Amino acid sequence: VPPPLTPPLALSRRYRGLTLVLTFLCYTSYHLSRKPISIVKSQLHPNCSALGPNPLNGSNSSTWCSWAPFDGDNYKELFGALDNAFLVAYAIGMFISGIFGERLPLRYYLSGGMVLSGLFTALFGLGYFWDIHVLWYFIIMQVCNGLVQTTGWPSVVTCVGNWFGKGKRGLIMGIWNSHTSVGNILGSLIAGVWVSSAWGLSFIVPGIIIAAVGIICFFFLVEYPEDVGCSPPLHHDAGGVTSSEKDPEAVTSNEGPLSISGQSSADRSDSPKEPAEEPKAISFLGALRIPGVVEFSLCLLFAKLVSYTFLYWLPLYIVNVAHFGAKEAGDLSTLFDVGGILGGIFAGLISDYTGGRATTCCVMLVIAAPVLFLYNHVGQNGIGTSIAMLIICGALVNGPYALITTAVSADLGTHESLKGNAKALSTVTAIIDGTGSIGAALGPLLAGLISPTGWNNVFYMLIAADVLACLLLARVVVKEVRGWCGCIARKRGYVRT
């Protein structure tokens, strides 16, 4: 009689599907709640002269319909302060977030962060109904929101990494990573409904949504396969064998209980977890000592610098250079996100097939540099050319960024040097994304300082950042290439096995 494998297989698949859906919704709601500020800015300082004189006193003031304190000539600087308050708080908080994430129940940590994020997002919008005109109120809401939103990324990557092994992790997480763009699109649409009538609701409704998703996550998210009687996946190959030498199905045989002989002791639990045997969470310095963490973190800093510069400045660049209207420029800029989705999936698929995460990132970054140069010089020569170049640029810029923040973070957080200690994934993810967030804050700031000297100089800065990101991965790429050469030599019989 064959062993009863079907029920555990079906159970494991259901929970993996549930994990993907819940974490996708969680991070979609995170980005959904971040987007309203970029939509509402136009309402905080609109062109009042187009609306006529002030109906209250008949004056011709051009700022009578603006929302103080954003009604002055320095409104761009104040909007920049709001953006930087969030980004800097997010970057600083991310380094701390992973440490807490390893030491607190993940479900509680993620759900609590989402509820608090919903609260601070709604409080920003309540400034409209409470008639608040003090800059520091909005700055404090942005700082608090930036800090609590750091609970999201380490938590969702850890959950997905706990359920999915290394074999197809790149492809699965590449598709899953589209939540960023989905959240941005939904956030824009939801905020746009009330931006002209009562902009406070543009924040309150997304705040309610992220809090509600957080409550759903609290009741239904399962952190570990062992919690529901499923076997954990293989996070790395046993015996030092590279993924290219193993049967792909052996690496991804996480669809049901694994036999004792088919799973190394470092990748499984022989018995239910007991408090006395629970491994200690890894320290910050311990996470930095994992091979590849420093290299990928610094690479992401420059990759995210390029990505976020496009995110914040691309619409303005299209308006100034291609002379499109604001709406057309905004619509065109979404194609960069579309390319990012395709690039993330492509990078994940290729890196799964080759087993070379760093090499995949490096090749895409090398190609991205000349493509950025071409986009600046010929990308605005027609609508067709602009569309094609934006999609290609988005794929090449965001592909490595997506791969590093998802599959690479999960790989390093379950590295074989940890000897099965699962208490590292959140810390490693936070270190990598926190370092990248520094670049996310620096990129738009540098672009703002450089753009008055000409857009060419902005693109030279982006190309230089791309090259630096590539160079920082050189050591890891060399290691991967040597591994491939050794594998080929063994297969040809040049090396005795």
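Glycine too: its Cβ is placed from the backbone N, Cα and C atoms.
These numbers come from a predicted model, not from an experiment.
For 22-482, the entry in TrEMBL reads domain 'Major facilitator superfamily (MFS) profile'. Residues or ranges marked as transmembrane segment in TrEMBL: 78-101, 108-130, 136-164, 176-195, 201-222, 293-314, 334-351, 358-375, 387-412, 424-446, 458-478. Residues annotated as region 'Disordered' in TrEMBL: 239-276. Residues annotated as compositional bias 'Basic and acidic residues' in TrEMBL: 239-249, 267-276. Sequence annotations record features per position, and here TrEMBL assigns compositional bias 'Polar residues' to 251-266.
The transmembrane segment (293-314) shares the most Cβ pairs under 8 Å with 424-446, out of the stretches 78-101, 387-412, 424-446, 458-478.
For the domain 'Major facilitator superfamily (MFS) profile' (22-482), the predicted model reports an average pLDDT of 80.
Here the transmembrane segment (387-412) sits against the transmembrane segment (136-164); at least 3 CB pairs are under 8 Å, leaving out pairs fewer than 6 apart in sequence.
Under the criterion of 3 or more C-beta pairs below 8 Å, with sequence separation of 6 or more, the transmembrane segment (78-101) and the transmembrane segment (176-195) do not qualify as touching, having fewer than 3 such pairs. By the Cβ criterion (distance under 8 Å, sequence gap of 6 or more), the transmembrane segment (136-164) is not counted as touching the transmembrane segment (358-375), fewer than 3 such pairs being found.
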